[in-house]
Structures are given as C-alpha cells and as structure tokens.
Amino acid sequence: MDEAIIVDAEFVAPVGTTAGEFVPIDRAPAAGLLLLVAFVVLYAKVISKLGKPAIQEFLWEIITRIVPSKQLRRRKEAQLRAIEVHTQRSNTSSQDQFAKWAKLDREYGKLKVEIEDINNLLTASKARFFTIISSAIFLSTTGMKMFLRIKHRKAAIFWLPKNAFPYPIEYILSFSSAPLGSVSVSAWLMICDAAMDLIVTIFVALVVGVIGMLRSNKVKPKTA
C-alpha cells in the first residue's frame, strides 16, 4: 500500500543510480536563490548604467576626503607657496633686485618640481585604487554570475507547469544541468537581465516623456 502511494508521486533518477532507485523531486521553489539571482542582476545593471569610471572617480573623491593624506596636504601647501613666490617674483625687478629675484626663481622652480613629484605619486596611488575598484566590480558582477552558474548549476529556481511547454523549450530553460521541467540559474539570469533591460527602457521612456510634457507646458504661450 505504501509503495502504491509513493508511485503516485513524481520521481527522478539521480546520476549513478541503478534502475528502480528513484528519489522524489522537490518542487518547492528556491525562493532565496531566486531573489539572490535577481538582486545580482539588478546590482550589475545599476553598475553598468552608472559606469565604472564614474564609480571609481566618486569613490576616489570620498576616500581622499575621509582619509587624511600627507601628500594631498603637502601639495596644497606647496601650491599656495608657489603662488605666493610667483607673485613676489613678478613684483621684483630682475635687474634692480637680481639677487632677490634669483632666490625667488630658484624657490619657485623647486616648488614646481615638488608639486610634479607629488602629482606623480598621487597618480600612481589613484591608478592602484582604480585597479582595486575595477577588480571588485568585476568580482561582484560578472564573477558573481559565474559563481552562481557553477555553484548552483543543478539547482531548480522554480518548476514550470507540467507539459506547459514543448521539450525544446523545457530543455533550454533547464540548461545546463538543472532537472528537465525546471528553470535553471543560467536561464533565470538571462530572464532577469532581459526583464531589467525592459524595465529600464520603459522607465527612461516615461521619464523622458514626462520631462517633454513639462517643458512643452512651460513654453506653451498663454491665450488671452
């Protein structure tokens, strides 16, 4: 009697089992994984729209404002002193006060070299920082998608209604290793990506339309 009840359930034969060794399929949707994939796609889409260079520049500005930098402080001091020395040199006659003018000129030259050296150090630091941010963006977007595809390649995000789609479509949606009749992580990533693109396109179109309406109403001539 128990065997008859079990036969009414749905079964799958895992790889490596012999004939007759079946386990029931868990058709409960993987809600956590479903939301995680959707969040990763949304996050990647936001990063893509903002642009990596803009994010790098913004974070660099934040870091330089929050974290004290001796190089930035010294450059500012050198720049202020260079302006002061340049003004004094301009107001000093190179013929009547040559000694003073020459001293100011030497100091101004040293300050220019110092500022250039500091700029080179800051440029190198900025390049290293940009490389770190670029790597972090890659790992948290493309890298995360690759990890989800590999780690959960056999997971079923959710199950399709039985016999709702022909075999070729079910095969594509379960690619590469998810059970047939389910939606795999790879397929769900592509579905979410396409959906996000559509949502963003519609949103941008609506915003542009609203802005256009507001502008047209603003410039519309008043009738007497």
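Sequential numbering from 1, following the chain as shown.
Quick reminder: no glycine exception, Cβ is built from N, Cα and C everywhere.
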* Swiss-Prot: matching membrane side for Glu170 and Val204 -> no
* **10-32, 56-78, 102-124 - the one Swiss-Prot records as coiled coil** => 102-124
* **Helix-strand-coil residue split for the topological domain 'Lumenal' (159-182), DSSP-based** => 7 helix, 2 strand, 15 coil
